[in-house]
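Okay, structure first, notes after.
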Amino acid sequence: MTTVVLMGPPGAGKGTHAELLAGKLGVPVVSTGDIFRAQVAAGTELGRTAQGYLDAGEYVPDEVTNAMVCDRLAADDARPGFLLDGYPRTLDQAAVLDKLLTDQGRVLDAAVVLLVDQEDLVRRLLHRAKIEHRSDDTEDVIRRRLQVYADQTVPLVSLYGERDLLHEVDGTGDVAEVRERILAVACAIQP
Ligand code: ADP
């Protein structure tokens, strides 16, 4: 039973490395960003609620996000554990996750954070915008997403640091280099 959260600012590479890390740990990836985008694409009620927030670079309200994640984590495939990609991002979400784990007699094993400096992030996201056409990859929205991360999520990274759960990974360099660092962290989490 392994429960890990993968954190990092927009563009740090969470989506690129989540499957590798999860595969090593033997757990599924639960990506809140992917779930929201799928709901938007499917035109569900949740998608309609989320879309405005995604397009503006704002976080979807905690009660909406928390309910969605609790629902997803109740599925059978999450029984051996899970890698959360992009959740929690606020202190309130972290409290909900702690409670969910406590209720199941579990603890959070690790918080992996990918570190990349700000201008590099903007460059990567603008480059991705040309390829993927995500509605939130315009320069204004990118800067807003980075600000929201700094305001709402960095305090949570500090909290996990105080709880001795943090594994910092240098997210700069090419994908292969970061992969090696992620593999080393996977071994440290689950020797
Ligand atoms: P990125 O980290 O590059 O911004 P994600 O795909 O992880 O990309 O998230 C895209 C968007 O989905 C966020 O900007 C936000 O609107 C929404 N979102 C994802 N995860 C959360 C969360 N835990 N809480 C609130 N909103 C979220």
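Note: Cβ is positioned from N, Cα and C throughout, glycine not excepted.
Please treat TrEMBL annotations as automatic predictions, because they have not gone through curation.
Feature annotations, courtesy of TrEMBL:
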type    : residues                                                                             : note
BINDING : GLY11, ALA12, GLY13, LYS14, GLY15, THR16, ARG128, GLY173                             : ATP binding site
REGION  : 31-60                                                                                : region 'NMP'
BINDING : THR32, ARG37, GLU58, TYR59, VAL60, GLY86, TYR87, PRO88, ARG89, GLN93, ARG134, ARG145 : AMP binding site
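Taking a Cβ distance under 6 Å to any atom of ligand 1 as the criterion, the binding-site residues GLY13, THR16, ARG134 reduce to none. Of the binding-site residues ALA12, VAL60, ALA12 has the largest number of other Cβ atoms within 10 Å of its own Cβ. The average pLDDT the prediction assigns to the region 'NMP' (31-60) is 96.
With helix defined as DSSP H, G or I and strand as E or B, the region 'NMP' (31-60) counts 23 helix, 1 strand, 6 coil. DSSP gives THR16 (ATP binding site) a helix state. Sequence-distant neighbours of GLY15 (ATP binding site) (same chain, 6+ apart, CB under 8 A from its CB) are SER31, GLY33, ASP34, ASP85. For GLY173 (ATP binding site), the count of additional Cβ atoms within 10 Å of its Cβ stands at 11 [all protein chains shown]. DSSP classifies ARG128 (ATP binding site) as helix under the three-state reduction.
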